[in-house]
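Swiss-Prot annotations:
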type    : residues               : note
BINDING : 71, 73, 241, 316       : Zn(2+) binding site
BINDING : 71, 73, 241, 316       : Fe(3+) binding site
BINDING : 80, 143, 176, 244, 321 : 4-imidazolone-5-propanoate binding site
BINDING : 143, 318, 320          : N-formimidoyl-L-glutamate binding site
């Protein structure tokens, strides 16, 4: 037989394929050729003639799919530390937003930054995720709120993916907030999003999916639906920030349009959960924002799972409500705050996160034919990835069949 490029021996495999927790296969081996998994199974079943250009002794560690952060606002300029101080003095998210703070503060800073500055500002956040075994990251626009600034954000996201060992998927979030120049004219702004911004950015190849923020401080269900119609006319998948602060019916709307996912969902109704289940949409839970905003209304994680809704977990990395660039910490938060099991939480940053990005066919599980994005972890059980605080047990990271890490992120 021809030599494999890479062969892992003496590893336990957490495949996340099938119905068993972790999809565990102990005392396993896994082989890679031309960037994809070619063989995996019990090490005793390796072909006798098996050989590889490079062999890795896993020393009894656990091999998992590369982690996926499926909801981030990673590209932005500035920070909102002052807003954090106000919140600690008693102001809430809605009060800050209605007083002209919140997202608009980041819009001002991001509009003032050129593409190169956005790349430089965002690269350390991406490097921290990569260092924790993340191999795929979703990055949204939404802090430009006009064509040229939204373009710069999406181009910066593409540039990050081109210069780092990570897959970046881009999401156009023009309907994130109402820019100040459109005060009192939300319908006019949505028309600009749908008729000008989205078509232009789509033609430039900058958009993989379209998102919106359906909430009383953002956009109505009718305005959100206009964005969805425009996306669907271009053949683009949709996703939605829904039911974070109130039950607006956004999840049911997302389900009606076959959305990849609906995200946040703290105030999700039974009808909304059932709609997501019927549509096959993923529920993306964001414990960082829940924690940072000191929310008390839990998303119905157990009910979602009982209904068969795939549950994903993400950092929601953003400057205002979740300045978090640690997916490992998000895993712990999901278990402690949302009462997910470690197996369910880890499925949420592998198999279900891939589904939330429409990449379930080639990412998120260890199966023959899938892309060889892998993490070798120096742990006795996969649950340790959710258990530890401030500790990263990653031993080795593989991206597209090549061993790589945060040190490979270009600094120029």
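Heads up, the Cβ atoms here are built off N, Cα and C, so glycines get one too.
Here the features listed in Swiss-Prot are placed on the structure.
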residue: 71; record: Zn(2+) binding site; contacts (Cβ under 8 Å, 6+ apart): 138, 140, 263, 284, 286, 312, 314, 315, 316, 356
residue: 73; record: Zn(2+) binding site; contacts (Cβ under 8 Å, 6+ apart): 139, 140, 142, 143, 173, 316, 317, 318, 319
residue: 80; record: 4-imidazolone-5-propanoate binding site; contacts (Cβ under 8 Å, 6+ apart): 101, 102, 105, 106, 319, 320, 323
residue: 176; record: 4-imidazolone-5-propanoate binding site; contacts (Cβ under 8 Å, 6+ apart): 103, 140, 141, 142, 143, 145, 211, 212, 213, 218
residue: 241; record: Zn(2+) binding site; contacts (Cβ under 8 Å, 6+ apart): 211, 212, 213, 214, 215, 218, 250, 263, 264
residue: 244; record: 4-imidazolone-5-propanoate binding site; contacts (Cβ under 8 Å, 6+ apart): 215, 264, 265, 266, 267, 289
residue: 321; record: 4-imidazolone-5-propanoate binding site; contacts (Cβ under 8 Å, 6+ apart): 93, 288, 289, 292, 293
Under a three-state reduction of DSSP output, how is residue 241 (Zn(2+) binding site) classified: helix, strand, or coil?
strand
Validating a neighbour-count step here. Other CB atoms within 10 A of the CB of residue 318 (N-formimidoyl-L-glutamate binding site): how many?
24
Any further residue of that chain within 8 Å (Cβ to the Cβ centroid of 71, 73, 241, 316) of the recorded Zn(2+) site:
72, 140, 263, 264, 286, 289, 314, 317, 318, 322
Widest Cα span across the 4-imidazolone-5-propanoate binders 80, 143, 176, 244, 321, in Å?
20
At its widest, how many Å does the recorded N-formimidoyl-L-glutamate site span between Cα atoms of 143, 318, 320?
11
Please work out the number of neighbouring Cβ atoms within 10 Å of the Cβ of residue 143 (4-imidazolone-5-propanoate binding site), leaving out its own Cβ.
31
